[in-house]
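Accompanying notes for the structure given below.
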Amino acid sequence: MIKLFVGLGNPGPEYEDTRHNAGFWWIDALARELKVQLVPERSYFGLMARASVRGENVWLLQPQTFMNLSGKSVGALARFFKIQPEEVLVVHDELDFEPGQVKLKRGGSHGGHNGLRDIHAQLGSADYWRLRIGIGHPGHKAEVANWVLKKPAPDQRQLIEDSIAHSLKAWPELQAGNMDKATLLIHTTKPPRPKPARPATAESDKG
């Protein structure tokens, strides 16, 4: 069962529409779905909302510490409400996936993502769930820092928004702890429409 949904990003209007804030976009969409409002909570160093879903408390969190200190916010809330690592879902941008791709996984390395690195340290465990939202890769490692802090092109932003909407369909399963079903929902996308068959030509008829 997921009790704490965390979206990673950087605070401030200058970062609002940058690729690194894809996790914030996901939490904003979930807050709209649940009809709750994220409000500042100084004790947890972030914007937080709480909802009751099927009699269970669910927390939504956007750390306001800047990306590299995200664990400070996540750890503070998780410790206070006694939420275990396996009850946490962290939604973040993923360089290794193209815009439009989204994948769910549990555990593993931080892969160089500084937000995840700090969450590892503050939770004392890597055994939490991650929802990885594809933002694409600039092609060269030296360009990554600049890439994640830039706005995606409109067509890329639309693909990211589509992947967020698609993955949100699985949030009730995530909350209920039906992780296999959630994974299937998230990882299954509609296949592209098949192209109509070419009409036979006179040459092909001849064999």
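Start at 1 and count along the chain as shown; that gives each residue its number.
Using the three backbone atoms N, Cα and C, a Cβ is placed for every residue, glycine included.
In Swiss-Prot, the tRNA site is described by Y15, F66, N68, and among N57, N114 the residue recorded at this site is N114. F66 (tRNA binding site) sits 14 Å from D93 (site 'Stabilizes the basic form of H active site to accept a proton'), taking the C-alpha atoms as the reference points. Secondary structure from DSSP puts F66 (tRNA binding site) in coil. Cβ neighbours within 10 Å of D93 (site 'Stabilizes the basic form of H active site to accept a proton'), excluding its own Cβ and spanning all shown chains: 26.
Taking Cα separation as the measure, D93 (site 'Stabilizes the basic form of H active site to accept a proton') is nearest to N114 of the binding-site residues Y15, N68, N114. Other residues of the same chain near the tRNA site, with their Cβ within 8 Å of the Cβ centroid of Y15, F66, N68, N114, are N10, H20, T65, M67, L69, S70, G115.
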